[in-house]
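Notes follow once the structure below has been shown.
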Amino acid sequence: AIAAVITFLILFTIFGNALVILAVLTSRSLRAPQNLFLVSLAAADILVATLIIPFSLANELLGYWYFRHTWCEVYLALDVLFCTSSIVHLCAISLDRYWSVSRALEYNSKRTPRRIKGIILTVWLIAAFISLPPLIYKGDKGKKPGGRPQCKLNEEAWYILSSSIGSFFAPCLIMILVYLRIYLIAKRRNRQGPHGKQAPGDGDTGPSALGGTSTISKLPPSILPAVGEANGHSKPPGEREGGEQMGDPTSPSTPPNQSSVGPEDGSQKQEEEEEEEEEEEEECGPPAPPTSSSLQGTPNFQPSQGSQVLATLRGQVLLARGPASLGLQPWRRRTQMNREKRFTFVLAVVIGVFVLCWFPFFFSYSLGAICPQHCKVPHGLF
C-alpha cells in the first residue's frame with residue numbers, strides 16, 4: 001500500500017511540474033522574468049521525484065541499502081541538494097514578491113531575466129554548499145550486526161544543526177516575516193483611496209468624504225461660457241456673468257441681442273452653433289457636466305460624479321467630484337474586506353503547507369542532535 005501511494009505521488013509530481021515548465025515556456029502571458037523561479041523550482045521537484053524518492057522508498061522497504069556504495073555517496077549529496085534548493089526557491093520567490101510590492105517602480109525596472117537568473121544561480125549555490133559535507137564526510141555507511149549495508153547522512157551534531165538551519169529553519173523564518181510584511185503593505189494600500197489618500201469611511205471627515213465639491217479653477221469670464229454644454233443642456237441665453245436671467249431659460253441658445261431674429265435665421269444660427277459644439281467635442285472628447293457655482297442654477301442641471309477636467313477650444317476648467325471625493329460606499333468596503341480575506345487565505349495556505357510538509361522531519365532530525373540519548377524519536381515515527 002505504501003509503495004502504491006508513493007509511486008502515485010512520484011508520477012503526480014513529475015506530471016504536474018512538467019506542465020508548469022511547459023506552460024511557462026510556451027505561453028506568452030507567462031514569460032515574465034519572475035516566472036523563471038517557477039521553472040527552476042519545478043525542475044528541482046522533478047529531480048527529487050526521479051532521483052531521490054524511488055531509492056528512498058526502496059531503502060525503507062528493504063531495510064538496507066541495496067545499491068552500490070558509490071551511488072550512496074552521490075545519493076546523499078543529491079538528496080540534500082535538491083531538497084534544499086526547493087526550499088530556498090520558495091524563500092527567493094517570497095523575497096521577489098516583497099521587493100515588487102515595497103519597491104514597485106525601482107525593482108520592476110531592474111527585474112530582468114539576467115537578474116532573475118543570477119538569483120536562481122545563487123539559490124543553487126547555497127544548496128550546493130550545504131550538500132557538500134555528505135561528499136566530504138561519508139557518513140555512516142557501515143553494516144548492521146546482520147551484515148547488511150546502510151546508507152545514512154552524517155550524524156555529527158554540528159552538521160545536523162547547520163544543515164537544518166540552512167535548509168529549513170532560516171528560509172522558513174524569512175518566508176514568514178516577508179509574507180507578513182507583504183500582507184501588512186497590501187492591507188494598508190487596499191484601505192487607501194485613489195492617489196494614496198485615505199479611503200472614504202476610514203476617518204476622513206472632510207468635504208470630499210461628505211460628498212462635497214472641490215474648488216473650480218478661476219478662469220476669465222470669457223472662458224466660462226465655453227463649458228455651458230453638459231449632457232445636452234445648453235446655457236440659458238439670457239444669463240449674464242453675474243447670474244442674472246434674461247428671457248425664457250428654455251428657449252434655444254441665442255445671444256440676447258438676437259432675440260428678435262426670425263425663425264429661419266434662428267434655426268440657421270442654432271445649426272452653426274451645434275456644428276461648432278460637435279467640432280469641439282471631436283477635438284476635446286465628450287464634455288462632462290461642470291459643477292461651477294455659476295452653472296448650479298441652470299434648469300434641469302444634474303452634476304456628474306466622475307468628471308475632473310473639461311477641455312474646450314477656449315480653455316480648460318477643472319471639475320469637481322472626482323473619484324476620490326465620493327461618499328461612503330458600502331460595496332467598496334465589502335470588496336476590500338473580501339480581498340483581504342482572500343489574500344490572507346492564500347498566504348495561510350502557502351506557509352501552512354510548507355511548514356506542515358517539512359517541519360516534522362527537520363524538527364525530529366534536529367532533536368536527535370540536541371539530545372541523542374533522551375530525545376530520540378522512534379524509528380517508525382521518523
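Quick reminder: no glycine exception, Cβ is built from N, Cα and C everywhere.
Taken from Swiss-Prot, the feature transmembrane segment applies to 1-25 (among others).
The topological domain 'Cytoplasmic' annotation in Swiss-Prot covers 26-36 (among others). Here the topological domain 'Cytoplasmic' (26-36) is broken down by DSSP into helix, strand and coil counts: 8 helix, 0 strand, 3 coil.
The transmembrane segment annotation in Swiss-Prot covers 37-62 (among others). For the transmembrane segment (37-62), same-chain residues at least 6 beyond its ends with a Cβ under 8 Å from one of its own Cβ atoms are 2-3, 6, 9-10, 13-14, 17-18, 20-21, 24-25, 71, 75, 78-79, 82-83, 85-86, 89-90, 92-93, 96, 116, 119-120, 123-124, 151.
Look at Swiss-Prot and you will find 63-72 (among others) tagged as topological domain 'Extracellular', backed by similarity to another entry.
Taken from Swiss-Prot, the feature disulfide bond applies to Cys72-Cys151.
What Swiss-Prot records for 73-95 (among others) is transmembrane segment, and it gives similarity to another entry as the kind of evidence. Same-chain neighbours of the transmembrane segment (73-95): 34, 37-38, 40-41, 44-45, 47-48, 51-52, 55-56, 67, 119-120, 123-124, 126-128, 130-132, 134-135, 138-139, 141, 151, 153, 163, 166-168, 171-172, 174-175, 178-179, 182, 354, 358, counting only residues six or more beyond its ends whose CB sits under 8 Å from a CB of the stretch.
Swiss-Prot lists 96-117 (among others) with the feature topological domain 'Cytoplasmic', giving similarity to another entry as the kind of evidence. Long-range neighbours of the topological domain 'Cytoplasmic' (96-117) within the same chain, counting only residues 6 or more positions beyond its ends whose Cβ lies under 8 Å from a Cβ of the stretch, are 33-34, 36-37, 178, 181-182, 185-186.
Same-chain residues lying 6+ beyond the ends of the transmembrane segment (118-140) with a Cβ under 8 Å from its Cβ atoms: 36-37, 40, 73, 76-82, 84-85, 88-89, 92, 96, 150-156, 159, 162-163, 166-167. The transmembrane segment feature in Swiss-Prot is assigned to 118-140 (among others).
The annotation topological domain 'Extracellular' is assigned in Swiss-Prot to 141-156 (among others).
The transmembrane segment annotation in Swiss-Prot covers 157-180 (among others).
Here Swiss-Prot flags 181-346 (among others) as topological domain 'Cytoplasmic'.
The region 'Disordered' annotation in Swiss-Prot covers 192-305.
Here Swiss-Prot flags 271-284 as compositional bias 'Acidic residues'.
According to Swiss-Prot, the feature compositional bias 'Polar residues' maps to 291-305.
As annotated by Swiss-Prot, transmembrane segment applies to 347-370 (among others), with the evidence given as similarity to another entry.
Mean model confidence for the topological domain 'Extracellular' (371-379) is a pLDDT of 72. According to Swiss-Prot, the topological domain 'Extracellular' annotation covers 371-379 (among others).
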List the helix, strand and coil residue totals of the topological domain 'Extracellular' (63-72) as derived from DSSP.
4 helix, 0 strand, 6 coil
How many helix, strand and coil residues does the topological domain 'Cytoplasmic' (96-117) contain under DSSP?
19 helix, 0 strand, 3 coil
